[in-house]
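Read through the structure below, which is laid out as structure tokens, and then see the notes.
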Amino acid sequence: MESLASLYKNHIATLQERTRDALTRFKLDALLIHSGELFNVFLDDHPYPFKVNPQFKAWVPVTQVPNCWLLVDGVNKPKLWFYLPVDYWHNVEPLPTSFWTEDVEVIALPKADGIGSLLPAARGNIGYIGPVPERALQLGIEASNINPKGVIDYLHYYRSFKTEYELACMREAQKMAVNGHRAAEEAFRSGMSEFDINIAYLTATGHRDTDVPYSNIVALNEHAAVLHYTKLDHQAPEEMRSFLLDAGAEYNGYAADLTRTWSAKSDNDYAQLVKDVNDEQLALIATMKAGVSYVDYHIQFHQRIAKLLRKHQIITDMSEEAMVENDLTGPFMPHGIGHPLGLQVHDVAGFMQDDSGTHLAAPAKYPYLRCTRILLPGMVLTIEPGIYFIESLLAPWREGQFSKHFNWQKIEALKPFGGIRIEDNVVIHENNVENMTRDLKLA
């Protein structure tokens with residue numbers, strides 16, 4: 001297997017090429033990319049957890065260090081000023097020496113405000129990309145060159161196409177997340193609370209709560225009907241019925257985003273519905289290929305949802321086509337089939353149709369879909385269908401012409417289980433689709 005160092009060398013070459021093209025197009029000399037800064041809680045001296053600028057960690061796997069700066073021009077070796085203060089109050093990361101440091105010039109930056117004296121004197125034609133525009137102004141960057149939309153759109157568009165280095169990192173993140181999911185299922189089977197299941201997950205993945213790429217969704221029973229449930233009850237419920245876990249991991253700044261759902265019992269209607277959603281999810285992935293719109297796969301899954309609603313007699317006396325046409329599947333799967341994945345969990349450029357940033361919105365019928373792209377080789381996406389029993393979405397259907405088609409008794413029986421979601425992370429290749437999650441044998 002090719003080493004991470006050689007993959008990274010090629011990755012940097014790709015980023016340099018993209019940078020040259022962007023600088024030429026937008027008539028800039030270089031980009032100054034800021035890792036970010038710590039921000040204190042209001043009226044306090046305690047900072048919020050640091051989250052690095054995604055455009056910064058695209059270049060270097062430095063995710064925990066604020067006040068760092070990258071200068072890139074697409075030609076010369078990228079220059080990294082790495083924040084290295086003399087500080088006995090806080091942990092100070094040492095100057096990095098790793099697989100990637102041969103391809104980047106790494107320079108110690110002892111003072112956060114010392115970058116100004118180290119940058120080129122002529123800065124009028126340098127673009128700043130980062131979260132603190134006032135810092136850029138202090139450095140003499142032109143206001144029009146601070147987070148220039150055209151440059152960011154261009155870089156975002158091409159971030160959709162992962163390099164081999166990025167895919168290698170994402171496969172490592174998958175391994176960590178899969179370990180966590182196995183530990184969490186074991187904790188669920190042993191009767192633990194949501195809080196303790198989360199601890200088991202974090203321990204297995206080697207993450208802190210602030211390290212995971214998004215807040216873990218650890219939902220027992222009816223909590224699985226809350227799409228982004230993050231409360232974490234300390235007390236286990238008296239009766240364990242179901243468990244939905246949506247939790248990821250991060251490796252060198254790249255995310256995994258997996259979801260699994262388990263039934264406490266294997267012989268009830270809910271357990272069969274979990275199995276059927278899983279089977280339909282795999283069947284959809286088996287049809288995926290480059291050159292097809294992601295929207296088409298979302299619509300196709302609503303047809304599969306209709307099939308399951310009919311099979312389980314949740315909707316009766318109506319054809320599957322009529323269910324989809326009249327959006328009776330909508331309240332059961334109110335979110336999109338998935339989203340782009342990469343340096344960010346909901347990765348950028350999901351609606352971008354070209355490198356000029358042309359936007360194609362989600363269909364009006366499915367406004368929460370996060371991607372309208374034609375699938376192309378190098379893209380990484382989640383496929384995460386679900387079926388839920390959410391009263392606020394079902395309530396409008398209790399009246400009107402379609403109410404009689406809903407098996408309300410069956411729905412009431414399933415509501416205590418909350419819902420179901422199954423999520424894998426897939427890579428689009430020229431002639432196949434790689435399922436990174438199932439390749440690790442996560443059922």
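Heads up, the Cβ atoms here are built off N, Cα and C, so glycines get one too.
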Swiss-Prot Mn(2+) 2 site partner of D257, E423, selected from D246, D269: D246
One of H207, H302, H339 listed by Swiss-Prot as binding Mn(2+) 1 at the site of D257, E384, E423: H339
Tertiary neighbours of D257 (Mn(2+) 2 binding site) (same chain, Cβ under 8 Å, six or more apart): A177, P213, Y214, D246, G248, L341, V345, T382, E423, N425
Secondary structure at E423 (Mn(2+) 2 binding site), reduced by DSSP to three states: strand
Secondary structure of E384 (Mn(2+) 1 binding site) (DSSP, helix/strand/coil): coil
Other same-chain residues whose Cβ falls within 8 Å of the Cβ centroid of D246, D257, E423, the recorded Mn(2+) 2 site, in sequence order: I217, A247, G248, L258, T259, T382, E384, R421
Mn(2+) 1 site, defined by D257, H339, E384, E423: further same-chain residues with Cβ within 8 Å of the Cβ centre: D246, L258, T259, G338, L341, T382, I383, D424, N425
